[in-house]
Amino acid sequence: MSRDDDATNERDASSGPEPSEPDAADPDAARAVVAARSDGEPPDTTEIRELAAAAGYAVVGEVTQRRREDPTYDLGRGKAEELMRLAADAGAEAVIYDGGLSPGQTFSLGDLLPAGTAVIDRPRLVLELFADAADSRAADRQLELARLRYELPRLREAVARDASEDVRLQPEGDSRVLDVEKRIESAERALDEIADDRAARRAERRAAGFDLIALAGYTNAGKSTLARRLADEVDEAGDPVDDNGDPAADVGPLAVADRPFETLSTTTRRATIGDRRTLLTDTVGFLDGLPHESVRSFRATIESVRTADCALLVVDASDDPADLRRKLLASLSAIETTEGHVVPVLSKADEVGSDGLADAVEAYEAAVDGLDPRDAPFVDALRSPIPVSARDGTGLADLADAVADALPTATASVSAPNGGAAQAALSWAYDRGVVASVDYEGETVAVDLAGRPDVVAEAERRLNGAVPPS
Ligand SMILES: Nc1nc2c(ncn2[C@@H]2O[C@H](COP(=O)(O)OP(=O)(O)OP(=O)(O)O)[C@@H](O)[C@H]2O)c(=O)[nH]1
Ligand SMILES: [Mg+2]
C-alpha cells in the first residue's frame, strides 16, 4: 500500500526512467537529474531546466510526480527510489529538485541517493547561480546572508542527526550553529548600514531633482532590454551610476540574454522621460518558489522597487496565460508593497502579434481580477497594462506618458525682480530640471515651475526671496 500510485487522486504525471540526452552540450558540465512534484497540474520542468542550465548543469534525466507532499522525501517513496535508480544509471552528480525541500527531506533524499550525489533544491540552485557573480560589496553581503539563512536550518538538522548518533559531537555542532547565527547577525548589520547609505543617497538624488524609477518583474521578462531603450544614450547603454547614484565607470552595458538571471545586481542609469530627469534602476528578476526571506535578502532590488517614485512592473506578453499569472503573482508577492506608483507593462509585444497581445491583456487582467487586495495593496494601479516592444519601439511613447503622469508633480508660477539673486535662483532651478518657462517683463522675471514637489517648493522659495537689485 506504500505505492504512490495507490493513493486517491495521485498519479504520475510523467517519468523518465531512461536517461535523456543532456540539455547542455558542454561535456565537462556536471550531470544532473531533475525531479519535480506537484499537487495539481502535472509538473512542468521547463523553468527548472533553464535554471539548471544557467547554473552550469547538464540535465540528463527527470522524474516527475503528481501527488501530495510526502513528509520524508517530498516525492512518494516509490518515486524517490525511482529517482535513486535514475541518478545511479545516469551517473548524476546532482539531483535538482524543483521546489523547496525541508532540511529533513534534503537529508533523507541524500541518504537514499548514491553516495556523493548532491541534493539541490530550487532555492539552493538560485544561490549557486548568484554565487559566481556577486561583485559589489552589497551584493556579496546579500548573497552571504541568503546563503547563511539557507544553511542554518540544514546545519541544525545535521547537528541533530549527528547528536542522535553520537552525543559527543553535540558541543562542536552547537558551536558551529552559534557561529552561523553570529555571521547572520553581522551580515544583517552590514546590510542595514549599506541600506542606510542608499536611503541617504536617494534623498540626495531627489533633492537634486531626479525622479527614481525602478524596473521590476520576473526573471527574463525583458527588463534590461527595456532599460536600454529608456536610458539616455550617453553611450550604448546609458550613463551608468552605481547603487549610490555615483558615476560607475566600471559598469558595462546592460546585459541582455534569453535565460534566467542574466542580471545579477541592480544598476542605475540616467533616463530622460518626458521632460523629467530620472534615475532608472534595472533590477534582479524575481523567481517563483524562492522562500521569502531569501528573496528579501536581495534587498537592493526589493528596496529600489518599493521606494521608487514609479515602479514599472514588466510582465512578459509572450508567456502562456498560466505562466503569465504565476510569474505576476511571484513578482507581486516579492514586492508586497510600494511607496510610489506602479505602471504595469506588457513586454515583447512584437513577439505575439495583435491577437496574441489581446490574449495576453486578457490573461493579465484576469490574473489581476483574481488578486486579493490584501495581498497586493496596489491592485488598482495594476489595471490597464501598457503593451511595449523594447525591440521595435512600439508603445514606448505611451509608456513615457504613463510614467510622466505617475510621477509626483507640482507646478508654480513666480515673478521675481530680475537681477543677480533671481538669476542665481533660476539657475538653481534649471540645474534641478524644474523650469518650464521663463518670461522677462521689464524689471521682473516670470517663471513657471513644474517637477518634483519638494524641488518646486524650494525653487519657489528661492525666487520669492530674490531681493531687487540695488
Ligand atoms: N521579441 C522580443 N524579445 C525581447 C524584447 N525584450 C526582451 N526580449 C528578449 O527577452 C530575453 C530576456 O531579456 P532581458 O532584457 O535580458 O530580460 P530581463 O528581465 O532583464 O532578464 P533577467 O535579467 O534575467 O531577469 C532576451 O532574449 C531579449 O532579447 C522585446 O521587446 N521583444
Ligand atoms: Mg536583466
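Quick reminder: no glycine exception, Cβ is built from N, Cα and C everywhere.
Taken straight from TrEMBL:
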- 217-224, 261-265, 282-285, 389-391: GTP binding site (BINDING)
- S224, T263: Mg(2+) binding site (BINDING)
- 177-204: coiled coil (COILED)
- 1-13: compositional bias 'Basic and acidic residues' (COMPBIAS)
- 211-411: domain 'Hflx-type G' (DOMAIN)
- 1-44: region 'Disordered' (REGION)
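Location within the structure of each feature annotated in TrEMBL.
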{"residue": "G217", "record": "GTP binding site", "Cβ within 10 Å": "28"}
{"residue": "N220", "record": "GTP binding site", "Cβ within 10 Å": "23"}
{"residue": "K223", "record": "GTP binding site", "Cβ within 10 Å": "30"}
{"residue": "S224", "record": "Mg(2+) binding site", "Cβ within 10 Å": "24"}
{"residue": "E262", "record": "GTP binding site", "Cβ within 10 Å": "18"}
{"residue": "T263", "record": "Mg(2+) binding site", "Cβ within 10 Å": "23"}
{"residue": "S265", "record": "GTP binding site", "Cβ within 10 Å": "23"}
{"residue": "V284", "record": "GTP binding site", "Cβ within 10 Å": "23"}
{"residue": "A390", "record": "GTP binding site", "Cβ within 10 Å": "25"}
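Rounded to a whole number, the C-alpha distance linking A390 (GTP binding site) with T263 (Mg(2+) binding site) is 17 angstrom. When the binding-site residues N220, S265, A390 are checked against ligand 2, none has a Cβ within less than 6 Å of one of its atoms. The predicted model assigns the coiled coil (177-204) a mean pLDDT of 90.
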